[in-house]
Amino acid sequence: MGSITLKQVTKSFGKVNVIKPIDLEIKDGEFIVFVGPSGCGKSTLLRMIAGLEDTTSGTIEIDGQDATDTPPAKRGLAMVFQSYALYPHMTVRNNIAFPLKQAKLSPEEIDKKIANAAKILNLDTYLDRKPGQLSGGQRQRVAIGRAIVRQPSAFLFDEPLSNLDASLRVNMRLEISELHKSLATTMVYVTHDQVEAMTMADRIAVFNAGIIEQVGTPLELYNKPVNQFVAGFIGSPKMNFMSVKPVENDPTVTIGVRPEHLVITKDSGKWHGTVGVIEHLGSETFLHVHIDNGETLTVRADGNCDIQYGDKVYLNASPDKVLHFDAKGLTLSLAAKDTLMSA
Amino acid sequence: MAINKSNKSKFIYTILAWGISGLIFFPILWTLLTSFKTEAEAISASPSLFMFDWTLENYRDVLARSPYFDHFWNSVIISLGSSLLGLLIAIPAAWSMAFVQNKRTKNLLMWMLSTKMLPPVGVLIPIYMLFRDFDLLDTKIGLVIVMTLINLPIMVWMLYTYFREIPNEILEASRMDGANIIDEIFHVLLPIALPGIASTLLLNVILAWNEAFWSLILTAANAAPLTAFIASYSSPEGLFYAKLSAASAMAIVPILILGWFSQKQLVRGLSFGAVK
């Protein structure tokens, strides 16, 4: 079991409300990712679930039990920190054994669990080394090992991959996803990297300034963002936004098109512009096109695209791929927009 | 060109460093040399640095006249005892200041440190009377208490600086792993901070070993440490420079040896937190 329910949870530091009332239901076995820009409150909320931060108001339930005031050790959760937070004076073996010793397990049981964790995480050969003698990826594996031996009801990850280099990050991302599939335990994962969120999550909660803007599956957020913030945050490169002239009966003030939904041609199209910087990534090409109204749009094109810097081009997008936002930044559904237009 | 310039400035700095070190060390060297002179040579109007008749007579006289080893043990017990007792109080205090901070923590630390600026003579009468009333005059336990109190602010400050360097996440991880406060302090914080604790202990042993003001006032024969033993060589009959120097040499040599072997630790301890 590992369901977590947040009911009207808030957190204030003095007069600053870092978490405004939040309701969230995390199902047993789910991999949920909290994503958002720096300072949006995602890590604070994770620490509140862990019990490392007090809750100003509201309740946190773990497996149906109110755990709002329960100390961290008694919540049955395990946490993996950004800085790994390994005990530098202990060997890998003792780092992993520490929570088991605290739980007063017998030495035989401890040895068995360490051997099992070391096998899962490929740590067998490092058990007698100190954390200082390990690479970043190995350290993170030890931190995960220390978490899994406790068999917690849920894992909490606080930006665990941000200290690793890019290639290692991709590997560890896969390892953590594998681990989730094999353990089938609830995982709450905090990151500011939307690629991590999209690739790992069952569901994503997008945070902004202490509130959750939207919760949904990665594809729901990608295809049906509720507002301009979510639309801009999910997707890489980020969505292009253009302001539009107000039209009677149409509340649209901004439209958004994803770079992969823009089609570039030299003949004709909706927007005309000049090609600026071109980024060749091999499999694909990103073109930054300065359109005539002064805005710059990013276009994702084929890797073998033959367009050059300074070329005059036209851009097009299928109408069903264009999102419309009102003055408050909320997404207008096409159906609702049509109704308004025909009224 | 640039290399030449940097070599030249390196040379100047080296000379300067040796010059300053020499200046600081000279009185100690002079004391050591005087301890091997006769009383007549010691007060001679034209003293020589090395060219004199070396003698061990002063050391023989000092050992014959005073119970040196009694004073030595008193010094060991007082300095080590007060440093250990101080650590016992300073570790939890520094832990709470470093990891359970509130907006007044910094003020509290500054206030603690400011008590070191108080001239000891300002609290002479009340402390003396307290010692008299509690029968602590001329007792080692009394001096251990006083030395502990005197050095506590420095101990808390040093340990606080050390503890602040330990990432809070490590302690939080131990809390998530089921550790209570005692486990957290004993199994995680103290082993990590061991170098800092060792240098705090060392520095305070040295400070307590060298302390003279309270030792002279609060002790007589039973609990007198080495500082009181040195002072006993300034007598109404006059100053016996050579014997005084021999006594001083015997008092400072143990701590000098300790300081020499632990200098790396001490420098690291004192500069901790200053340079990242």
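Just so it is clear, glycine is given a Cβ too, placed from its N, Cα and C backbone atoms.
Annotated features in TrEMBL:
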TRANSMEM  B:12-33  transmembrane segment
TRANSMEM  B:72-96  transmembrane segment
DOMAIN    B:72-262  domain 'ABC transmembrane type-1'
TRANSMEM  B:108-129  transmembrane segment
TRANSMEM  B:141-163  transmembrane segment
TRANSMEM  B:184-207  transmembrane segment
TRANSMEM  B:213-233  transmembrane segment
TRANSMEM  B:240-261  transmembrane segment
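Beyond its flanks by at least six residues, the transmembrane segment (B:12-33) meets 49-50, 245, 248-249, 252, 256 of its own chain at Cβ-Cβ distances under 8 Å. Long-range contacts of the transmembrane segment (B:72-96) within the same chain, counting only residues at least 6 positions beyond its ends with a Cβ under 8 Å from a Cβ of the stretch, are 140, 143-148, 151-152, 155-156, 159-160, 162-163, 185, 189-190, 197, 200-201, 204-206, 208-209, 215, 219, 223-227, 251, 254. With respect to Cβ pairs under 8 Å, the transmembrane segment (B:108-129) is most closely packed against B:141-163, considering the stretches B:141-163, B:213-233, B:240-261. Residues 77-79, 81-83, 85-87, 89-91, 93-95, 97-99, 109, 112-113, 115-116, 120, 127, 131, 134, 189, 193, 196-197, 199-200, 203-204, 207-208, 211, 214-215, 218-219, 223, 225, 269-270, 272-273 of the same chain lie 6+ residues outside the transmembrane segment (B:141-163) yet bring a C-beta within less than 8 angstroms of a C-beta in it.
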